[in-house]
Structure formats: structure tokens, C-alpha cells
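K.L.:
The following feature annotations were taken from Swiss-Prot:
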DOMAIN    3-167  domain 'EngA-type G 1'
BINDING   9-16, 56-60, 119-122  GTP 1 binding site
DOMAIN    189-364  domain 'EngA-type G 2'
BINDING   195-202, 242-246, 307-310  GTP 2 binding site
DOMAIN    365-449  domain 'KH-like'
Amino acid sequence: MSFTFAIIGRPNVGKSTLFNRLVGQKLALVDDTPGVTRDRREGEGRLGDLEFTLIDTAGLDEGAKGSLTERMQQQTETAIELADALMFVFDARAGLTPNDRAFADFARRANKPVILVANKSEGKAGEIGAMESYALGLGDPVQISAEHGEGLSELYDAFRALMPEPDEEAEEDDDVEGLTEEEFSKRPIRVAIVGRPNAGKSTMINHLLGEERLLTSPEAGTTRDSIAVSVDYKGRQFRIFDTAGLRRRSRIEEKLEKLSVADALRAVRFAEVVVLMLDAQTKFEEQDLRIADLIEREGRALVIAVNKWDLVERHPGQIGALRTEADHWLPQVKGVPIVAVSGLMGEGIDRLMSAIEDSYATWNRRVPTAALNRWFEQAIQTNPPPAVSGRRLKLNYVTQAKARPPSFIVFCSRADAVPESYLRYLVNSLRNYFELPGTPVRIMLREKANPFAHKRKRPS
């Protein structure tokens, strides 16, 4: 693992803004409301030629025993243990508060190098607050504005003084396009876990990790950010994104929840396989179908996990009934894997991880040309394309354009005249023939150029 900095401090001093600035992406939610960050978040940061790991943490605040606030503090303490050095961030405009002083003592007791960061230092008020911080005894403050990108050269100097010299032999380029199929297969599978609020997404990931890495609570909406964690499951690497619960747009009122939903949608777009988690006590609802449709439109492989299976009375045929219901409501991903699980009890985890691996393999599938041609001839022979305006449509040949998801191009005489119903027939036929369950299959129509179109007709 690379050199690791944990960003700590009281709530709303700009820790997540600094995290986003150094990571170069908007990975952490940022809002003026204190306490937006709850789980600890990790990302790969870069500053000049320096590369490092960053851990963004919840604001250090006191909380009652067993409360969500106390568990947020435990997450912060874990981040400090994992870090090689700490960035203690305070709001220079606001000046030092009693909480800043208390948690400066906390940082000192960690017995790790500390970089004192005076954020929001722009303007006279910021300079005065930065000078005040010498009283903390943590050395010279690095004056920055995370929002405006000011002071980063001084922060670079502070990082450079703590970090070891880079190992030139260890430098690698994770360029997906340049990887062989074998190398690509060894990359971590990117998995997003989505669903309605309180479906048990974080509980499931905690069981995979064997620790309470993500905060859980009976209260819906505990998770706000999309949190990424690395999981080694039986020798296979996964990068799993826990996301905020997705509810109907009409029910999304608070600004923070709107930000959380947007964050979850970004996680779906970044993932390769998406696990849609249902609650076994409520099963399919309209919002679940909307989420599944979004996943299909984004071209991601889909697995359905029916969680809290330990809370329902079991009887033969339950999964079969769910399969029938899923195929009825989600024909665009017919045959999607459905796995019954209990995140709390650890039931069905092996089946779920196997389903994710299988779906990933299907999503990456390339069909041999000879087999593709055999399917194409058989599909047209079984159900010839219809006549439109008295003229028979001619489908010439098919080729696979790409995988991830499997996408094909059918060359034909009049692309705009092919009915949508016939295109659906081709998609379903291809999916069944090559066994591509639960992954989007794309077929695009393209007109074959007429080689005689440019020649002038001879006079009779």
C-alpha cells in the first residue's frame, strides 16, 4: 500500500473538499451541513509527482455510547491507526474552537507525524486564524484554500518531507486498454451495491470484510456517500461500492439526499457488475424496477440479491416465483441471477459472489464469429424479417462490435424500417442461444452500402 494520510478534524472544516481536491475527482459529498461524511473513505491522491493514499474521515465529535456519532468516531480512530501520517484540518476563518484544541491533543496522542492544515485561509480573517494555531504545538500551519486550490505548493513541501523516495521499479500503468484478456481478468471486479434505503447493503459488505467497516443502523439513510472497499474473496479481488439508498424522486426532499442519490448513480456508472439488493419482506416494488432499468441502460451486468432471507418464512418455490416475477417485469435482462442472502447471518454469501463472477464473465463475453453466423442464419430462418410497405427487409450479416456489455451490429438494407419488435426478437434469440443471462445485450442496425448506388443508370 502507498504512503497513507488520514484527514482528521472537527465537522465542516473542509476535509472532504480537500480530499476531492487531492484525489482529482468529486468522490466525497460536500455540503455546508456539519457531519456530511459518516464512513471513512479512501482514494488515491496525487500532488505534483507525489502519489499517496488518502482517508477522509467523519468529523471528530463526542457521542453517546452505542450511538451513530460514537461509531463514526470509531471509524475515524481506525483510519488514524491505518495512516502513516495525519492531516489535522481546522477552519482558519472561524479560528480555534475548544473542539479543535481537544482533537489536537487526540492527534498528538496518536504518536504519528501531523501536518497542521489551516483551511479557508484566504483573506485577513484566515491569516489571523492561521497564526492562532501555533498555540496547538503542532508546528507551522500550512495555509490553504481547498475550495480554490490555493497553498497546494506548501502542502506539497509538507508531504515531500514525510514521504519516502518513490520506488521507480514499482511504478505501473493501470491502462485497461493496454491489458491482455488474462491481465484484465486479474483486475479487481468493480461492484456497486444499490437498492432502496435500509435494504441491508452496508451490513452485507461488513460481513464480507469481517469487520464493521461501514456504519449500519435500523434508520434508513445511514449511508450518504458511495464508499469503496477492497475485498479479497477466496483469492479473487473485488472493489465494492456501498451506496446511499435510492428512493422515488418525489420522496427526495433534502439537499443532502439529492447529493447522495447522484453519488450512487455515479457508482453505478463506474461499476462493472451492479447488485440490486431487495428486502425479502417487501420484494419487488416500482422503485426496484426503476433502478434495474437504470442499470440496464447504463450497460452494466446485474445480479439481484434478496436480503434478510432469515426474516421470512421459507417454503419451496419462493426463488422460482421471484424468477418468474423478475422475467416478467425485467424482460430487458431476462434470466438475471437471483440469490437469497442474509447479510446479518452470512447466508448465501458464496452464492452471491459466484453469481457476481459469472455475471462479470458474461458481461465480458466475446462470441466466436462462426458461432455468431450460425445463430444469425438460424434466427432469420426461424423468424424471417417482416415486409414493410410491401418490401421484404434484408438482413445481410452480423458482427460483434465490442464486449462489456456484448454489443453487435447487424448490417441490413433499410435500418430505419426494422420494427422494434423484430429487434427485440433478435436480442432475446441471441441471449438465449449464447446463454447471456442478466447482462444487457445491444444490437445496432446499420445499412449496408449499395456498391451500385454511385453508378448512373444506362440509357435504354
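From the backbone N, Cα and C atoms, a Cβ is placed for every residue, glycine too.
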K.L.:
List the helix, strand and coil residue totals of the domain 'KH-like' (365-449) as derived from DSSP.
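P.N.:
So the counts come to 31 helix, 24 strand, 30 coil.
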K.L.:
Out of N12, S121, T243, which of the binding-site residues is least crowded by other Cβ atoms within 10 Å?
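P.N.:
Relative to the other binding-site residues in N12, S121, T243, N12 has the fewest Cβ atoms within 10 Å.
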K.L.:
Pop the mean pLDDT for the domain 'EngA-type G 1' (3-167) in here, whole number is fine.
P.N.:
78
K.L.:
CB neighbours of K201 (GTP 2 binding site) within 10 A?
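P.N.:
I get 29 for this one.
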K.L.:
Given the binding-site residues T57, N198, which one's Cβ is surrounded by the fewest other Cβ atoms within 10 Å?
P.N.:
N198
K.L.:
For K201 (GTP 2 binding site), which of the binding-site residues N12, T57, S121 has the nearest Cα in space?
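P.N.:
The smallest Cα gap between K201 (GTP 2 binding site) and any of the binding-site residues is with T57.
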K.L.:
Does anything in the same chain, at least 6 positions from W309 (GTP 2 binding site), have a Cβ under 8 Å from its Cβ, and if so what?
P.N.:
A280, A340, V341, S342, E347, G348
K.L.:
CA-CA, which of the binding-site residues N12, T57, S121 lies nearest G195 (GTP 2 binding site)?
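P.N.:
Ranked by Cα distance from G195 (GTP 2 binding site), first place goes to T57.
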